[in-house]
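Student: Grabbed the feature section from Swiss-Prot, which reads as follows:
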COMPBIAS  1-11  compositional bias 'Gly residues'
COMPBIAS  106-116  compositional bias 'Basic and acidic residues'
COMPBIAS  117-132  compositional bias 'Low complexity'
COMPBIAS  170-182  compositional bias 'Basic and acidic residues'
COMPBIAS  183-206  compositional bias 'Basic residues'
CROSSLNK  22  SUMO2 cross-link
CROSSLNK  104  SUMO2 cross-link
CROSSLNK  113  SUMO2 cross-link
MOD_RES   123  phosphoserine
MOD_RES   127  phosphoserine
MOD_RES   215  phosphoserine
MOD_RES   216  phosphoserine
MOD_RES   219  phosphoserine
REGION    1-21  region 'Disordered'
REGION    106-133  region 'Disordered'
REGION    148-260  region 'Disordered'
């Protein structure tokens, strides 16, 4: 009717003992994986309290040392920004690929260029002027890379032809020259158009002035055309009558007396 009674003590702490739990056959029914009484083969012979033991000391710098290093770096950066400290830039040397590229740009082989055949930065004369850097060299200088500015020296000496020292124009230089010439031609065309417009405006103004002067001056009197009616007999009679009426009355009386 009732199940089998299990072993163990249901009393207080004074009646409980861990050794009895370890030796009990039915401990898995009421006890989990406890550190005091490990159950199963995975817990036997293992250090189950490894996390509670002290760890090995760290070999890296402590937090205080790291904070002190950060503060020092910030102080140096602030002094450099304010100008109280000179920033020393470490020059980066040319790599082999950069050296080969520069030699190709100048048109010579890197093996032919020895140390004896190269001029240093201070060996150029004062009249030689500054070295014209290409676009790639300028970009490299902006990034902080060292620019190769040496020039090849011929064995003939300083009396070499200037044409030999000149570099061949590259495609980029040609493109820049073409763009500049195109801009100049555009500007010239604009100037010509402006001049043509000004000249045209002047001509129009002169024509307007002439037309105004002609309209303001009195037109010459045209000869009056004789109408066909002037030669008609009716017109002649009217004319004679007007002439007779315009005479003096004394003349009219004389005419009448003569008629009588």
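Backbone N, Cα and C atoms are what each Cβ position is placed from, and that goes for glycine too.
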Student: Report, in whole Å, the straight Cα-to-Cα distance of residue 22 (SUMO2 cross-link) from residue 104 (SUMO2 cross-link).
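Tutor: Distance (Cα to Cα, whole Å): 85 Å.
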Student: Measuring Cα to Cα, tell me the gap between residue 22 (SUMO2 cross-link) and residue 215 (phosphoserine) in whole angstrom.
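Tutor: Distance (Cα to Cα, whole Å): 137 Å.
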